[in-house]
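Peer 1: Heads up, here are the entries from TrEMBL:
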type: BINDING; residues: 87, 89, 93, 132; note: Ni(2+) binding site
type: BINDING; residues: 87, 89, 93, 132; note: Fe(2+) binding site
């Protein structure tokens with residue numbers, strides 16, 4: 001998995017959007033924001049003991065698979081537009097990339113976009129309350145496993161959401177942890 005600060009261009013979101021010069025971000029910087037990552041074997045996920053351990057430890061008892069591409073996702077353009085609208089969730093967002101690739105963008109401490117490129121084998125957890133969005137890369141295909149605790153709730157709360165309980169908890173927990181406010185500008 002790779003991550004970098006994004007440029008400010010409004011061009012095709014499927015492009016990498018590197019700054020010039022490129023500003024790569026170490027994965028431990030993402031961990032400081034609450035973004036967690038594992039590298040797993042996507043070709044044998046049904047028998048993967050590490051995945052089973054993560055699911056048991058974190059209480060992820062719901063699972064489904066989602067193919068995102070024009071041929072397999074109804075209302076593809078509309079859904080991709082919704083995924084790319086900046087939002088938060090009241091719960092963690094857990095995605096395991098089984099095939100293809102795509103980008104999760106998250107807001108850093110200074111409210112700058114950080115682009116995270118996930119590929120087959122990457123499992124990523126975004127904490128509840130973090131501003132984020134998702135898009136495909138130029139391959140236009142990703143197969144994701146979605147994990148959830150209990151019954152899935154797919155509600156996205158579009159920005160601004162500074163008063164949402166999940167956002168308040170996120171800001172408070174990381175303000176205490178790293179001493180930097182994460183309030184939206």
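Just so it is clear, glycine is given a Cβ too, placed from its N, Cα and C backbone atoms.
In terms of burial and nearby residues, how do these features look in this structure?
Peer 2: Here residue 89 (Ni(2+) binding site) comes close to 126, 128, 129, 153, 155, 156, 157, 166: these same-chain residues lie at least six apart in sequence, with C-beta atoms under 8 angstroms from its C-beta.
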Peer 1: On a simple 10 Å Cβ count over all chains shown, which one of the binding-site residues 87, 132 is most densely packed?
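Peer 2: Of 87, 132, the one with the most crowded Cβ is 132.
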Peer 1: For residue 93 (Ni(2+) binding site), write down the residues of its own chain that are at least 6 apart in sequence and whose Cβ falls under 8 Å from its Cβ; none is a fine answer.
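Peer 2: Set apart from residue 93 (Ni(2+) binding site) by at least 6 residues yet with Cβ under 8 Å, we have 125, 126, 132.
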